[in-house]
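Encoded as structure tokens, the structure appears first; notes follow it.
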Amino acid sequence: MVDRMRLWRHDALMQHLYDTAAFWGDKIVSWTNDPNDAFWLAQTYFLTHQYARAERLLTRPARMATPPTRGRREKHLPHIHRTCQTVACRYLAAQCQVRQGKWTEATEMLGEANPFRGSANSGPAIPNLDGGIKIEASMCHLRGLLMLKLNRGDQAKNCFMEALALDVKCYEAFEQLISGEMMTPIEEWDFVQALAYKKQTPHDAEFVCMMYTSRLRKYKHADEHALARRKLVQDYGLGDNPDVLFSFADALYSHFRWADCFAVTSRILGLVSVHAPTMPLHIACLYHLSHLHSKLFILAHELVEREPENPISWYAVGVWYLTAKKWSEARTYFSKTSLMDPRFSPAWVAFAHTFALEGEHDHAVTAYSTCARMFTGSHLPLMFVGMEHIVLANLSLADEALYAAHSMCDGDPLLANERGVMAFTHGEYGEAAKLFLQAIELAQITQTSETAWATTYVNLGTCYRKLKRYPEAKTAYHKVIQLDPRNPSALGFLGMVHHLMYELDAAIIKYHEALSIDPINGHILELLNLALESNSYAGPLGQRGLPGGDEEWERRMREHRKKGKAAERTAHVEEHDAMSM
């Protein structure tokens, strides 16, 4: 009879008839008091969100009894806790306690450290005998979630790393490490590549490794990332799989190719209505592509109507308010998102961006610093802190933040650009030029759209101009104009180079072109007047210049530089701050 009823219970669970499963399962436990039967009854309660009832069943003392025999009295054994009998019962009891917010009790149930560590049957090199997922790894993952709830981030990171090392199939641990940005790009690459795939899953090692590799950040190892994506598509036939497509979208987004990224994310959302990793990228692309702002409004409205309990819905609303430059309203919704999911990093960064875009730089520094403490593996919050300190002229603090960001990630071209801005601010024009060139080279390695780096070419040209390397400055400014023919800064600075080389006719033409785009730019107007005045005098050796010669020209230019230097630096930083959204 018991075996038949176990079959009923199993079929009821598979067919989502939870009351049926609980009804017959309860009778089975009354007869057998078997810990395995108690586990399945508790599992039924857990699936119906009856966490307290499941916990009570697993943690109360139970007497072991023999199954009923016709007319004979059952023989009861001494009381014993079911959590002491099987690891599965202990794990499920801890899960119930976590769902009820009993962090301390759950920690006591699991232990603050892995109790199996160092035993003969534990370790990354030992595969699970039945080919499934090790419950030891699952317990380490749950322990990591508890550490996060207790604000013990470093311990949480170690727990997730141990879980994934014990069993590479434990995707939840991988997801926590990667989406929670607990590891730096270098750390996550080294850790994921060193996992014991072949010992744990000898037949599927390459596939699992490539799936994980495709999810890592794309600042380095471009060839390895491309190879992993190509193999997943060609060898494993996953060209239409949302997770594989997400890897393509993530690479395109990191290269600032918003339109291409949007095409891929749209394809993903056409396959599945909601794909958690894809949604932040899709929303960000809608933000960057101004002609799609109306679609962002519609998407946010639909998400809130369809899934009001999902944090991404309110994040989309906040981003839409960003497009409308309603900073306060955007902050409200980003704050709501972070309250619903404290580990959703895009909401924290966007919350800080609202202060930066509003000009509240002190508040922005505080918000970015909070973000850096929460997501210790990401260099972006520290980079944004450095950018804000540059605007505030806190140069020593800016240096410190940018150095810390560089120590975490040396492959981000945007960070190299900001370090160049810092060197330029210190008057180290040669070092600044090297860093701007490094930023451009890194962008080329990652196949980033050159248009996104027009401002870096402007910065590079300005460094060359300061170093009196005028031909190279011309080349840099011409590159900007090639990428963006209506860039007033590049046209104005190119005019300055012509001016410095006494090519006054060419300078006047470029000043006029710049003013045709930005007619109220006072600095270019001043330079145009200076060029026109210089052009009215004949200098020595047939050159044109002001009365007083080079000394007078330099004096006038120094006055101009003093007026324009702060504005020029601020404009570059603010443009890159907006680009990094």
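Sequential numbering from 1, following the chain as shown.
Note: Cβ is positioned from N, Cα and C throughout, glycine not excepted.
Because TrEMBL annotations are produced automatically, they should be read as predictions rather than curated entries.
Ranges compared are 54-75, 538-559, 560-581, and TrEMBL records region 'Disordered' for 560-581. Mean model confidence of the repeat 'TPR' (454-487) amounts to 93 (pLDDT, 0 to 100 scale). For the repeat 'TPR' (454-487), the residues of the chain that approach it from at least six positions outside its boundaries are 413, 417, 420-421, 424, 429-430, 432-433, 436-437, 439-440, 443, 493-494, 496-497, 500-501, 517, 568, 572, 575-576, 579, judged by C-beta separation under 8 angstroms. In the repeat 'TPR' (311-344), the DSSP tally of helix, strand and coil residues is 27 helix, 0 strand, 7 coil. Across the repeat 'TPR' (488-521), DSSP helix (H, G, I), strand (E, B) and coil residues number 27 helix, 0 strand, 7 coil.
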